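S.K.: A single structure is presented below for examination.
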There are 2 protein chains.
Amino acid sequence: MSGTSELCLGDLGERGIQEHVLRPRYEGTEGFGDDSALLGAVNAPSELVATTDSCPTPLVNLLREPDLYHAGWLLATINLSDLAAAGAEPLGLVAGYTLPKTTTVTSFERLLDGVDDCCAAHGTKVVGGDIRDGAVPQLTATAIGRCVPGSRLRRSGARAGDRLLLAGSPGYLWAAALLETGQATLPEPDRSEVWHRACRPMAQLKAGRVLAATGLARAAMDVSDGLFATVRSLCEANGLGAAITEEFTLDERPASVARQCGLTPFALAQTWGDWGLVVAVRAEDVEVATKALRGEGVAAQEIGTLTSDGELTRGTAPWRGIAQERFSASSWHGGELSTLITDVLGAA
Amino acid sequence: MSGTSELCLGDLGERGIQEHVLRPRYEGTEGFGDDSALLGAVNAPSELVATTDSCPTPLVNLLREPDLYHAGWLLATINLSDLAAAGAEPLGLVAGYTLPKTTTVTSFERLLDGVDDCCAAHGTKVVGGDIRDGAVPQLTATAIGRCVPGSRLRRSGARAGDRLLLAGSPGYLWAAALLETGQATLPEPDRSEVWHRACRPMAQLKAGRVLAATGLARAAMDVSDGLFATVRSLCEANGLGAAITEEFTLDERPASVARQCGLTPFALAQTWGDWGLVVAVRAEDVEVATKALRGEGVAAQEIGTLTSDGELTRGTAPWRGIAQERFSASSWHGGELSTLITDVLGAA
């Protein structure tokens, strides 16, 4: 929308927003403007899945300036990552935005750009949504996907002795935090590359789909609240424990950041924000699953074994890791950035 | 959850809420606890639709005491009503709740009861969701449905000369407001019946599906923001105008309330909160469409004609009706109850 950079959403009103912002952007989407959005046609037998999640303030916005683009990108990734954990193909996203009337049209368009760009990067799109004014911004979305019947991945289905794989490249978001706060340095373009990855995390849709299609995964879950929370939830869903290795591999750039900060690779790998998948596979399938993932351009490493004793261990000691939790005073949400980094990485 | 009536969500934390509230309620739902919820299997070719909407404070809560049950019911109805307007069969609902940590477990369970009861009353269910703490409560949901390919109803597709039908029984919510504020009286059980209908509005899913299945509707839209806003939007989507009758029929109880208040039936019928559908049908199909709707137990009345002149008229005069609009200072949201009723009904 040109010539409206100073305008706020409250100046346009709902009908103005619809006409000047949303229609030009989405009118090519069939079903735009109807009461219900069109997700698309499904012609083969399918299991349909859905997931809904709202978006916290992105860490990258605390590190640099606020920019709703990053919140939009993260909103889409959070939801698509849950489809990835199910091994589903995305059919589309519906978004719901609550925004103050004082939100500028320009920043609203940054938000939409972030959601749309992220969806496009994952081969899907926004099909519909809802916008409402409110004192406190809140961004929610629902992603809908389809699975080939019988192939849907779940948290349950793993057995003792199964190996845990981490699909994806961990450590970028918190490496960016360490770089931005001056605790490590990298030359350009390495530093910018880390920042870019931190701002535009990708859901592991390819990984999920190849694991679902091949039947190699017995259970899967995405790393939304940190590795500890993920492994603990996966264990609980299966009545199992896990023995996690201390040997983690990071890509070279986050590895360099970790070294400069005196952190182990594990310390960075157990954080969140990179949207990897933790996958349980039979011991004899580790090699072929790893190969299948790498064939899709997805990094994969074995990080431990599921055990029958119900305990979580790391190396030889009990593992008491960090986990985000909502409705909890110990949640990291809302913490100060300086203590946040210590809290998240100091205990590792 | 027994023995926890004084507990707040913040006392339980996310894991406690999951274990003590959500698991007992939803563990029979396949896919509960997974990253993605299971909407179900689709075996026949389908067009899939989705809609997302958040829930304002229900008017019935302003009229009597706050009770999250009503917000839960309304949240589900709002979303299912959009599926009704598409002629879709619901596959399921995902819900997203932002609630203060001080919300009691008891009132959270009232919220869930309202959503679950409403879904059950419409033959569907909650398949998954998200819960998050926040200073300001916010309730959102997404409903997903399927249509037989080619039968999906849209806002567009109507022609000049088509007749407008109103499917559903209007006027109950605002009749309840007039009763509660002492502007009219009804004997029991009539008064309770009006209140019950106001608290538990039903989405017109049956109406939508019969209209989609028979091909009788050329366009449809639900009355979410009042009859004026609905007819105006339907006209805009088709590049048409509409001539609306002044003769509206109300059920006996809201008719009595209108009479006592010196209001025309139209004045009550043009409000919102009863989730009717406005449907465009060919002039020659009015009778058969009305009969088909009544065969499903849905009231239907002809309320006007679509015109080629682009004007909205009521009787012989231009129609300037009331409409809710977000991001607008003139929206009724947040108004005082006393002025609200005058604003909504006084101009009619």
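Including glycine, each Cβ sits where the backbone N, Cα and C put it.
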S.K.: For the Mg(2+) 4 site that TrEMBL assigns to A:Asp35, A:Asp82, which of the candidates A:Thr29, A:Thr51 is also assigned?
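M.R.: Given A:Asp35, A:Asp82 bind Mg(2+) 4 in TrEMBL, the matching entry from A:Thr29, A:Thr51 is A:Thr51.
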S.K.: Within 10 Å of the Cβ of A:Asp222 (Mg(2+) 3 binding site), how many other Cβ atoms can you find? Include all protein chains, please.
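M.R.: Other Cβ atoms within 10 Å of A:Asp222 (Mg(2+) 3 binding site): 28.
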S.K.: Near chain B: which of the binding-site residues A:Asp82, A:Gly129, A:Asp225 have their Cβ closer than 8 Å to one of its Cβ atoms?
M.R.: A:Asp82, A:Gly129
S.K.: Compile a sequence-ordered list of residues in the same chain as A:Thr51 (Mg(2+) 4 binding site), six or more apart from it, whose Cβ lies below 8 A from its Cβ; state 'none' when nothing qualifies.
M.R.: A:Asn79, A:Asp82, A:Leu83, A:Ala86, A:Thr142, A:Ala143
S.K.: Residue counts in helix (H, G, I), strand (E, B) and coil for the domain 'PurM-like N-terminal' (A:33-146), per DSSP?
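M.R.: The breakdown for the domain 'PurM-like N-terminal' (A:33-146) reads 41 helix, 44 strand, 29 coil.
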S.K.: Looking at the binding-site residues A:Asp35, A:Asp53, A:Gly129, A:Asp130, A:Arg155, which has the shortest Cα distance to A:Asp222 (Mg(2+) 3 binding site)?
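M.R.: Nearest in space to A:Asp222 (Mg(2+) 3 binding site), counting only the binding-site residues, is A:Arg155.
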S.K.: Cα-Cα, whole number of Å: A:Asp225 (Mg(2+) 5 binding site) versus A:Asp53 (Mg(2+) 1 binding site)?
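M.R.: Roughly 13 Å, rounded to the nearest whole number.
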S.K.: Select one residue from A:Thr52, A:Ser224: among these binding-site residues, choose the one with the most other Cβ atoms within 10 Å of its Cβ.
M.R.: A:Thr52
S.K.: Can you give me the average pLDDT across the domain 'PurM-like N-terminal' (A:33-146), rounded to a whole number?
M.R.: 96
S.K.: Provide the three-state secondary structure of A:Ser224 (ATP binding site) computed with DSSP.
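M.R.: For A:Ser224 (ATP binding site) - judged by DSSP and reduced to three states - the answer is coil.
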